[in-house]
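A short write-up of the structure that comes next.
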Amino acid sequence: MTPKEDQALERRIFRRLGVRLFPLLVLILFVNFMDRANLGVVATPMSDDLGLSGSAFGLAAGLFYLGYLLFEVPSNVALHRFGARVWIARIMITWGIVTVALMFVTGPVSLNILRFLLGAAEAGLFPGVILYLTFWCPGRLFARAYSTFQLAVPVGLALTSLITSAVLLMHGALGMAGWRWVFLIEGLPAIVLGVIVFFVLPNGPKNAKWLKPDERSYLLEHAQASEPGGAHRRGALAEVMRTPRVWIYAVLYFCMIVGFWTITYWLPTVVKEHFDVGTVGAGLISAIPWAFTAVVMFLVGISSTRTGDVRWHMIVCLVVGGLTLLASTLVGSPIVALICLCFAAGGIQAASPLFWARTSTVFAGALCTVAIAFINSLGNISGLVGPYVLGLLTDLTGDTRLGLVVMSGFIMIAALLTFLVTRTPVPAGRGR
C-alpha cells in the first residue's frame, strides 16, 4: 500500500474505533477516576467524623498507591495471560466492591486497610489500557487515541466534584452521613460496568467481529506490542530493571504526577482556604480547574498531532503547570489563585498523554509492555508521597501553601528531565 492509502485506512480505522471501542474505554477511565478522586471531595466531613488530621488523611489517600505499586506488574502480566476482557472486568468488579466497602469504615485503621486494598484491586488497569491501545493504534495514531482516552480524566474529575457534591446533600438519609452515601453510590457503577466489559470488550483486533478484513490485517501487522506472550517472557522484568533509561523515565513520571495527585486529593481543601464556602461549595468550585484542564488537553493534543512534536509540548506544559502552581500560593485574590490552579492542573495533566506517547515509542518490542508497567508503578509512588507530604506540611504550617511550593518544584524537575531525555528507541533484548 502507498503512504496515502495507509493514511486513509488509518483514518477509517480510527473512526470505527471511535464508535466501537473508545467510548467504553473512556467510560472505564471516568468511573476509575471518580472512585479515586471522591476521597478529596469528602475529606472534610469524613475527617471530622473519623478524627483524621491532615497527615492521617494524606496517608490514607496515599496508601492506595502502595497497593497499586505492589500489584501493578503482576496484574499487567495477568492481563496478557487471561486477556483484556476477563482481566479488566475483574479489576473493575473488585475495585467497585472495595469502594462500596469504604462506606463502612469506622476509623483510620479500617480506612487505611481499604485504601490499600482499593489500590491492589485497581492495579494494572492504567498500564493495561495503555498496552491495550497499542494493539489497536499504530504509532501515528497512538498519541491521538491516548489523548482522546485521557480526556476522560479531567472530565471525570470535574463531574466527580459535581456528582459527589450533590450526593453529599443526602447527609442524614436513612441515618447515614453524606460521605458514606458517596462511596455506595459511586462504587456500584464500577461493578455494573465490569460485567458489561466482560461481555463486550474484545481481547484485540483478532477477536473484533466489527472490523473489516483489511482493517484487521493492517492492525495485526502494525501492532506496537510485539506479541501477546512476549511481555511476560522469562527475565523481562530483570531486563527492564537493567535499563537505565527506564529508571530515568520512572523518575520523570514521578516528578510529573506528584503534583497531579496532590491537586486531585487536596484541591477542595485548597479551595476552602481561598473561598468562604462549605464542603459542597468547595466541591462545586473544584470542578472548574478540571473542566479547564479538559479544554487544555484537547487543544494540546491537536497541536502535538499536527506539528508532530511531543517533547517541546510536554516541556511547555510542565513549566506552565509548575510556575502557576507556585503562583497560586503567592497571590492574595481567590479568583486569581483559582485561575492559577486551572493552568496548573491543565499543564500537568496535558503532559501525561504526551509522556506515554513518548514512552510507547522509546521502548520497543517485548520490552515495551513491562517497561510501561514498571514506570507506572514507580511513578505512582508519587500518589503516596504527594498527598502525605502536603498533609504533613499542612499540619505543621496551618495551610497548604508550603506543600504546594514543594510540589511545584517536583514539576519543574520533570520539565528539566524531559529536556534532557533522548528519544532513541531501546530495542528488546538490550539492557542498556
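Glycine too: its Cβ is placed from the backbone N, Cα and C atoms.
Per TrEMBL, domain 'Major facilitator superfamily (MFS) profile' is recorded for 21-426.
Taken from TrEMBL, the feature transmembrane segment applies to 17-34 (among others). Away from its own ends, the transmembrane segment (17-34) comes close to residues 88, 92, 95, 122, 125-126, 129, 132-133, 136-137, 145, 148-153, 155-157, 159-160, 163, 186, 189-190, 193, 196-197, 200-202, 208, 210 of its chain (Cβ-Cβ under 8 Å, at least six residues beyond either end).
What TrEMBL lists as transmembrane segment is 54-75 (among others). Non-local neighbours of the transmembrane segment (54-75) in the same chain are 36, 39-40, 43, 47, 87, 91, 108, 111-112, 115-125, 127-128, 237, 261, 265, 370, 373-374, 376-378, 380-392, 394-395; each lies 6+ residues outside the stretch with a CB under 8 Å from one of its CB atoms.
Non-local neighbours of the transmembrane segment (87-107) in the same chain are 28, 31-32, 35, 50-51, 75, 78-79, 114-115, 117-118, 121-125, 128-129, 132, 176, 180-184, 186-195, 197-198, 201; each lies 6+ residues outside the stretch with a CB under 8 Å from one of its CB atoms. The annotation transmembrane segment is assigned in TrEMBL to 87-107 (among others).
Sequence annotations record features per position, and here TrEMBL assigns transmembrane segment to 113-137 (among others).
Long-range contacts of the transmembrane segment (149-169) within its own chain (CB-CB distance under 8 A, at least 6 residues past either end) are made by residues 22, 25-27, 29-34, 37-38, 41-42, 45, 129, 133, 178-179, 181-182, 185-186, 264, 268, 279-281, 283-284, 286-288, 290-294, 297-298, 345-346, 349, 352-353. Annotation source TrEMBL lists transmembrane segment at 149-169 (among others).
For the transmembrane segment (181-201), same-chain residues at least 6 beyond its ends with a Cβ under 8 Å from one of its own Cβ atoms are 24, 27-28, 31-32, 34-35, 38, 41-42, 84-86, 88-93, 95-103, 160, 163-164, 167-168, 170-171, 173. Under the heading transmembrane segment, TrEMBL lists 181-201 (among others).
The transmembrane segment annotation in TrEMBL covers 246-267 (among others). Residues 36-37, 39-40, 43, 58, 61, 65, 157, 240, 286, 289, 318, 321-322, 325, 341, 344-345, 348-349, 351-352, 355, 359, 362-363, 371, 374-376, 378-383, 385-387, 390-391, 400, 403-404, 407-408, 410-411, 413-414, 417-418, 421 of the same chain, all 6+ positions outside the transmembrane segment (246-267), place their C-beta atoms under 8 angstroms from a C-beta of that stretch.
Under the heading transmembrane segment, TrEMBL lists 279-300 (among others). Within the chain carrying the transmembrane segment (279-300), a Cβ under 8 angstroms from the stretch's Cβ atoms is held by residues 40-42, 44-45, 147, 150-151, 153-155, 157-159, 161-162, 164-165, 168-169, 263, 267-269, 271-272, 313, 317, 338, 341-347, 349-350, 353-354, all 6 or more beyond its ends.
Beyond its flanks by at least six residues, the transmembrane segment (312-329) meets 256, 259, 263, 270, 300, 303-304, 337, 340-341, 343-348, 350-351, 354-355, 358, 400-402, 404-405, 407-409, 411-412, 414-415, 418-419 of its own chain at Cβ-Cβ distances under 8 Å. As annotated by TrEMBL, transmembrane segment applies to 312-329 (among others).
Packing against the transmembrane segment (335-356) from elsewhere in the chain are residues 130, 143, 146-147, 149-150, 153-154, 252-253, 256-257, 259-260, 263, 267, 270-271, 274, 285, 288-290, 292-293, 295-297, 300-301, 304, 310, 313-314, 316-322, 324-325, 327-328, 372, 408, 411, 414: each is 6 or more residues past its ends and has a CB under 8 Å from a CB in it. Here TrEMBL flags 335-356 (among others) as transmembrane segment.
Annotation comment: TrEMBL describes 363-390 (among others) as transmembrane segment.
The transmembrane segment annotation in TrEMBL covers 402-422 (among others). Below 8 angstroms of C-beta separation, residues 245, 248-249, 251-256, 258-259, 262, 266, 270, 311, 314-315, 318-319, 321-323, 325-326, 328-329, 344, 348, 351, 382, 386, 389-394, 396 of the same chain, each at least six residues beyond the ends of the transmembrane segment (402-422), sit close to that stretch.
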